[in-house]
Ligand SMILES: N[C@H](CCC[C@H](N)C(=O)O)C(=O)O
């Protein structure tokens, strides 16, 4: 497989969710998983996701995007990363309305002075859509848990697919949960054949949720846009909140609006451009 050596990159973040943008439209190539893992090393260019841009297949779409986690696995959605590439494309073209295509569908973005809004599409709650290992009638409360059997630390998550799989545990006190301890086993729980992103959510009011996330293929992150979307729709589906909420993550706030008219999830928040550079063989773990 060809190497990414000598390709330009842009380092960005969405509320501290660490993003690397690789614009591969001039020379499309897959992202080698082993090079992604090498690049993500703490002393190289630590990131949570790579957003790789490819030529769009249809007119009117700015790019096709593929999302690679720090462990080299591929994801179907990345809300914070999508805001980052929307800002990147706005900087390149000056156009505020940007459209991406992804494996999970169309991502309609709008860049404005009040933030970047991404239409993440509709949630999918069916067990096979998540996916789960077998039929489950009620995906509002999956029969799994973590921690001591007699007093589980986390139990009965709501599950949803928002382009990628999420399990959301609602708890009375999110700060009291050691997600770093339970995240790894829950991410790889047998109930999730494609693994899952794991959220711990505390409902503060009908329009405000506190959230922390263990991301599939990346671990604890400062923010996770798709988890904020997943948590907002699961909370509304359970009657815990209204359909428009502020989600407060360790890195900051996102506004999520689960639109009644078409069931689409709109996520609004910031993105930040940090620096750019060029990838070297050393950064990619490639022997020259
Ligand atoms: N940080 C991303 C989520 C990445 C999800 C990825 N970890 C997966 O495997 O689904 C976000 O802001 O939505």
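Placed from the backbone N, Cα and C atoms, the Cβ positions cover glycine too.
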Among 13, 17, indicate the single residue that TrEMBL lists for the substrate site containing 49, 69, 79, 80, 164, 197, 215, 216, 225, 226.
17
Non-site residues, in chain order, whose CB comes within 8 A of the mean position of the CB atoms of 17, 49, 69, 79, 80, 164, 197, 215, 216, 225, 226 at substrate:
48, 67, 75, 77, 78, 81, 213, 218, 221, 224, 227
Can you tell which of the binding-site residues 17, 197, 226 lies nearest to residue 78 (active site) in space, using Cα positions?
226
Give the maximum pairwise CA distance in Å, whole number, for the residues 17, 49, 69, 79, 80, 164, 197, 215, 216, 225, 226 listed as binding substrate.
16
Other C-beta atoms that fall within 10 angstroms of the C-beta of residue 216 (substrate binding site):
24
